[in-house]
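First comes the structure, then the notes that go with it.
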Amino acid sequence: MDGSEGGAEILVQLISPEELPVCECVHHEDQKKLTSPRSGKRCSAEEWQTVLLFLHAWHPPYFIFFISILEVGIFVWGGAETQRALMYDPHHREQLWRFLTYMLLHSDSLHLALNIAIQCLLASPLEHEQGHLRTSLVYLGGVLGGSLGTSMLEPELYVMGASGGVYALLISQLANILLNFKALPYKLHRAVAVAVLAVADIAASLYHYFSLGNVCPRISWAAHSSGAVAGFLLGLVLFKGSKKLGPAAAPAADEEETFDWARVAVWVAATLLGAAVSAAVICNVLLPPSPQTAH
């Protein structure tokens with residue numbers, strides 16, 4: 001009993017509460033001195049990492065933002081000389097840049113606002129799901145298709161506006177739905193939205209044509225329809241079909257039977273697209289320019 005009591009007394013002395021606060025105080029003070037700068041840096045690094053992860057997950061539509069800012073800038077600061085240099089001119093088809101740069105010009109502020117609003121609305125989900133490069137190629141391909149189609153179907157027209165690219169973004173939504181029918185969320189809602197926008201624009205164009213005589217401004221049905229066809233075909237050729245959509249998503253490889261029809265559609269679309277572009281290029285090279293008219 002004496003030995004046990006002596007051991008207990010020694011144990012009590014070793015863990016005497018008088019010494020514990022001193023040890024804990026010294027430990028916490030040393031820890032604060034040693035780790036407070038590092039914890040601050042670590043917190044800052046974690047905050048930056050959170051921001052970067054958010055931006056990576058969001059995938060802002062950088063391309064369409066850049067194009068829209070460029071279009072606004074040229075509308076505000078560009079003058080008559082800029083308009084003459086960038087407009088699609090059927091009498092200067094040898095100036096190849098005009099087949100694309102006409103998209104930067106707009107006839108008035110309403111024309112500009114409508115195109116920018118619709119193209120931002122349409123391109124935002126496409127850039128997130130299909131990536132910036134594919135979406136930009138569809139948009140620019142629609143612009144090029146609009147000018148090439150106009151050069152063959154309405155060869156006397158001067159053209160300005162981004163409607164060819166806007167129609168390409170609109171109808172390429174259908175290609176995206178077809179290629180990703182199982183993976184795409186709200187696909188039926190998107191299809192209805194595409195139909196509503198298309199019908200509304202067609203109705204407005206018909207009203208402008210029959211009630212206002214299609215003047216001031218004249219709407220180019222060739223540019224609109226050619227841009228739409230180009231957008232659908234380019235969407236089939238460029239867009240990827242995948243179980244999980246996103247810029248880094250890989251095409252689905254374990255459902256070959258399901259996607260056989262898509263491969264056929266891609267080849268048919270590529271063939272039609274190549275034939276249409278070849279025909280338009282040949283026509284622009286061989287046919288003489290149309291007689292010059294006032295515009």
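Cβ atoms are placed via backbone N, Cα and C, with glycine included.
Annotated transmembrane segment per TrEMBL: 62-80 (among others), in sequence order. Non-local neighbours of the transmembrane segment (62-80) in the same chain are 86, 103-106, 109, 112, 115-116, 119-120, 123-124, 127, 132, 135-136, 139, 162; each lies 6+ residues outside the stretch with a CB under 8 Å from one of its CB atoms.
According to TrEMBL, the domain 'Peptidase S54 rhomboid' annotation covers 94-240. Residue counts for the domain 'Peptidase S54 rhomboid' (94-240) under DSSP, helix first, then strand, then coil, are 111 helix, 1 strand, 35 coil.
Annotated transmembrane segment per TrEMBL: 136-153 (among others), in sequence order.
Per TrEMBL, transmembrane segment is recorded for 159-179 (among others). Taking Cβ pairs closer than 8 Å, the transmembrane segment (159-179) reaches residues 67, 71, 83, 86-88, 102-107, 111, 115, 118-119, 122-123, 126, 129-130, 135, 138-147, 150, 187, 190-191, 193-194, 197-198, 220, 223-232, 234-236, 239-241, 262, 265 in its own chain, all 6 or more past its ends.
The transmembrane segment annotation in TrEMBL covers 191-209 (among others). Here the transmembrane segment (191-209) has long-range neighbours at 118, 170-171, 173-174, 177, 219, 221, 224, meaning same-chain residues at least 6 beyond its ends whose C-beta is under 8 angstroms from one of its own.
For the transmembrane segment (221-239), the list of distant contacts is 130, 134, 137-138, 141-150, 152-154, 157, 159, 161, 163-176, 178-180, 201, 205, 265-266, 269-270, 272-273, 276: same-chain residues at least six beyond its ends, Cβ to Cβ under 8 Å. Look at TrEMBL and you will find 221-239 (among others) tagged as transmembrane segment.
What TrEMBL records for 264-287 (among others) is transmembrane segment.
Taken as a whole, the domain 'Peptidase S54 rhomboid' (94-240) shows an average pLDDT of 93 in this prediction.
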